[in-house]
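Peer 1: Per TrEMBL, substrate binding site is recorded for Arg70, Glu135. What TrEMBL records for Glu135, Asp162 is Mg(2+) binding site. Marked as domain 'HpcH/HpaI aldolase/citrate lyase' by TrEMBL: 7-173.
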Amino acid sequence: MPISLERMIHFVPPNIEKMRAKVPDLVNKVDVVLGNLEDAIPADAKSDARNGFIQLARENEFGSTGLWTRVNCLNSPWFLDDVMEIVQTVGDKLDVVMLPKVEGAWDIHYLDQLLAQLEAKGGLGKPILIHAILETAEGVKNVEQIAAASPRMHGMSLGPADLAASRGMKTTRVGGGHPDYAVLSDSDNSGVRTAFQQDLWHYTVGKMVDACLSYGLKPFYGPFGDFSDPQACESQFRNAFLMGCLGAWSLHPSQIEIAKKVFSPDPAEVAFARKILDAMPDGTGAVMIDGKMQDDATWKQAKVIVDLAQLVSSKDKELAEVYGF
Ligand SMILES: CC(=O)SCCNC(=O)CCNC(=O)[C@H](O)C(C)(C)COP(=O)(O)OP(=O)(O)OC[C@H]1O[C@@H](n2cnc3c(N)ncnc32)[C@H](O)[C@@H]1OP(=O)(O)O
Ligand SMILES: CC(=O)C(=O)O
Ligand SMILES: [Mg+2]
């Protein structure tokens, strides 16, 4: 698995010329540029989106920024042409194919073989990876088999909108919380009861993180659809970050900075993690730092944070200075 920084997967509708024109600027601002061909692209613009993606892939140099596409789902009339045309034209520049509505390992096996055939035919030296969207009830049920389905598996993203529909959840939101999903406190003497809002996605994100990490894959939160609520977006992204996710999708330029802030570790946390590593050079034993017990397990927790800070520093010079790398 290539080690790459993927704090935000930025969605671009490639059928729109004005959006394609923003790609050179985006390459310097985001960690991944994704050309979306699936939902949000009108049915009569599917081939324009595919051609637009090929054009933007050809016209730009991406450097350390990832180039991904989200193809249409396997049972659509567009999937086969999406994969065939893109891999045969710009397969050498493409890092990851995001596959929507994955239900089980069989979906991954099919795309895996198709990519292998096209790579062999085109003489491509670098394998194209697969990223699954977890957005159907059956997919969530089969998440472990999906994670294990191919060495090409890069990771997974939560797809809260399709998943809500597939499960029959009663929400029209794209990700985030819901005010009615709450636990009511007992009444106090004055009869006051407080509703504590819960995270609708906690169970699925937890299940996805465990499946991904057991097979060496990367878990991601997906989209947050309410662009007018950056605070709620940040909170949802942060919950996912704390639970193990490495990034989230940005659908609008305003969400890029939110993802950057959340998925780059907090400088104070990095400083504390470095103290732990310094205090336990061989990673064993028990020491006290600022009144808190540290041992082999917290050494490993600290290593996760310091490794991520180092990866962020390799791309972000400003943060490298803040972290002191
Ligand atoms: C459930 C799921 O499947 S989620 C994934 C599918 N959805 C998507 O991919 C949606 C991606 N986002 C978009 O297409 C757009 O953000 C839209 C259509 C939703 C809204 O776009 P607009 O109405 O143009 O939004 P807005 O007016 O706030 O945009 C402000 C500026 O940001 C630009 N912009 C908006 N979204 C993007 C984007 N994703 N990437 C780059 N630039 C963008 C606009 O072109 C505009 O630029 P300008 O100032 O030069 O005119
Ligand atoms: C991310 C996505 O595709 C969904 O929420 O449906
Ligand atoms: Mg979806």
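The backbone N, Cα and C atoms fix where each Cβ goes, glycine too.
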Peer 1: List the binding-site residues Arg70, Glu135, Asp162 whose Cβ sits under 6 Å from any atom of ligand 2, in sequence order.
Peer 2: Glu135, Asp162
Peer 1: Here the binding-site residues are Glu135, Asp162; which one has the lowest number of other Cβ atoms no more than 10 Å from its Cβ?
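Peer 2: If we count Cβ atoms within 10 Å for the binding-site residues Glu135, Asp162, the smallest count is at Asp162.
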Peer 1: Whole-number answer please: how many Å between the C-alpha atoms of Arg70 (substrate binding site) and Asp162 (Mg(2+) binding site)?
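Peer 2: Just about 15 Å between their Cα atoms.
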Peer 1: What whole-number Å value do you get for the CA-CA distance of Glu135 (substrate binding site) and Asp162 (Mg(2+) binding site)?
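Peer 2: So the alpha carbons of Glu135 (substrate binding site) and Asp162 (Mg(2+) binding site) sit roughly 5 Å from each other.
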Peer 1: Indicate whether Asp162 (Mg(2+) binding site) is helix, strand or coil by DSSP.
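Peer 2: For Asp162 (Mg(2+) binding site) - judged by DSSP and reduced to three states - the answer is helix.
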Peer 1: For Glu135 (substrate binding site), which DSSP three-state class applies?
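Peer 2: Note: Glu135 (substrate binding site) is coil by DSSP, not helix or strand.
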Peer 1: Counting across all protein chains shown, how many other Cβ atoms sit within 10 Å of the Cβ of Arg70 (substrate binding site)?
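Peer 2: Other Cβ atoms found within 10 Å: 26.
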